[in-house]
Structure formats: C-alpha cells, structure tokens
Amino acid sequence: MALSNNITALLNFIALLCSIPIIGSGIWLSSKPDNECISLFRWPILFIGILILFVSLAGFVGAYWNKPGLLACHLFCMSILIVALLFAVVFAFIVTRPDGSFLVPGRGYKEYKLDGFNNWLQNYVNKGGNWGKIKTCLSASNVCDKVSQHNYVSADQFFMSHDISPLQSGCCKPPTVCGYGYVNPILWLNPTNPTADPDCYAWNNDQSQLCYGCNSCKAGLLGNLRKEWRKANVVLIISVVILIVIYVIGCCAFKNAQTEDLFDRYKQGWV
C-alpha cells in the first residue's frame, strides 16, 4: 500500500505544480484592461486554478498520511474541477474561433467588425446594460491615454503600428472608411465619407467619448479578448491534458491501494 500512496502523493505534487500556470494565466487575463471591464471573463480561470491547488494539496496530504477518506474526496473534487476547466477551455476555443478582422482595402492593416465575431459574444456586448458598464469602464481606463503618448506623423503610421491593440484600434480612433483627417492619435477632423458607417457619426474628439459608443469599439474589445484567450488557451490545454493523465493514473493507484488494504486485512483475519 505504501508504494501506491507514494505514487499518489507524487502525482498530486505534479498536479499542484500544474495549478501554477493555470493561476498565472488567470492573473494575466484578469490584469488586462479589457478583462477588467468584463467581469464575466475575469475570474473563472483564476478561481479554478486556486481550487486545483488546494485540492491537489489535500490529495498529497491524504496520500502521504494514508487518509483514504480524504483521497476519495480529493478524487471527486478533482474530477469536477477538471471538467470545469475542460469546459472553460472548449467554450473559449469555440467562442473565440471567428476573429472578426478584415483587411482595409488599399491599406496594409486590419480593422474589426462586430458581426464577424461569435454570436454569443456579440449578444453579450450588445446588451444595453452590459455595454453601458463596459463603456464607462473603458472610458475611465487609460486605454486611449497610452495611444496619445505616441508621436505618429501620419494616419498610416498610426494604423500600421504594432503598438496598437485591437481594442485601441476600435475605441481610440474612427473607422478608416469615414475618411477623417488625422491630426494626432486622438484628434481626427473633417470626415470625407461620414455616411459610410454609423460609427462615423458616433466618433467624438472629447477624450471621455472618442469611439466608446461605436460598434467598432465593441469589435475591438472582442478582438482583444480573442487574442488574449487564444494565448491563455495554449497553457490551459497543456495543463488540462496533464491533469487528466494524472487523474487517471491517480484513480488506478487509489484503487490498487484499496485492493492491497483489503487483501492485507483478509490475510490478517485468516491468520
């Protein structure tokens, strides 16, 4: 039985280590300006990672000090957490699959359209109550302040800069199709084609408004979310695969330990 428990303890220690990149991914996602404004996506991965850490620690204690009840509880809780993490990974992969970007004709950069993203994400940001809170949060953040600190000499240089995120591209400037004249990153004047897009009229040079009321801002927000979640998903997929392998081996080790314990009791009773 000692061997099976040692294996289980080692597996739980590895699972505990796996929780670290999950927690790190959750912290990284929650620290991003867009996730700060969307509470729905901010905390789930971080909470799951913390719970996996504590459940793995409980499994390690149960195996090291031979507590079958604690081990059984650990396996039950870990199965729920693995399913929850797997669901989050699959859900994030599905809803972030469409990227909503399009190449601006005659230019070497991309912009984003809201209808190019997953319907579930569109419906979420289009809800009046949701977008009202998100817009207020974005306006109060320093998302566009960072753009104003750059000294771009032309609109093309501004648009093609790799320093500009999808969120900044959608919220901190008017759509290219409007034909606004570039003065500086957050000051645009005299549109030549104001009827090309409803967002052309929504643009305002007031620093508290800019394009926060534009559909392009919603699209830029979703573009940022997609980019960040795709990066985090790489870490999460690797972690969940390792956790599943550890869980299967751990279940086998626990079963063997119980069989060995039953056999030892049988021998003692026979003797």
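From the backbone N, Cα and C atoms, a Cβ is placed for every residue, glycine too.
TrEMBL lists 6-29 (among others) with the feature transmembrane segment.
What TrEMBL records for 41-65 (among others) is transmembrane segment.
The transmembrane segment annotation in TrEMBL covers 71-95 (among others). Same-chain neighbours of the transmembrane segment (71-95): 8, 12, 15, 22, 44-45, 48, 51-52, 55-56, 58-59, 62-63, 118, 120-121, 229, 232-233, 236-237, 239-240, 243-244, 247, 250-251, 254, counting only residues six or more beyond its ends whose CB sits under 8 Å from a CB of the stretch.
The transmembrane segment annotation in TrEMBL covers 232-250 (among others). Residues 7-8, 11-12, 14-15, 18, 21-22, 24-25, 28-29, 45, 52, 59, 75, 78-79, 82, 85-86, 88-89, 92-93, 96 of the same chain lie 6+ residues outside the transmembrane segment (232-250) yet bring a C-beta within less than 8 angstroms of a C-beta in it.
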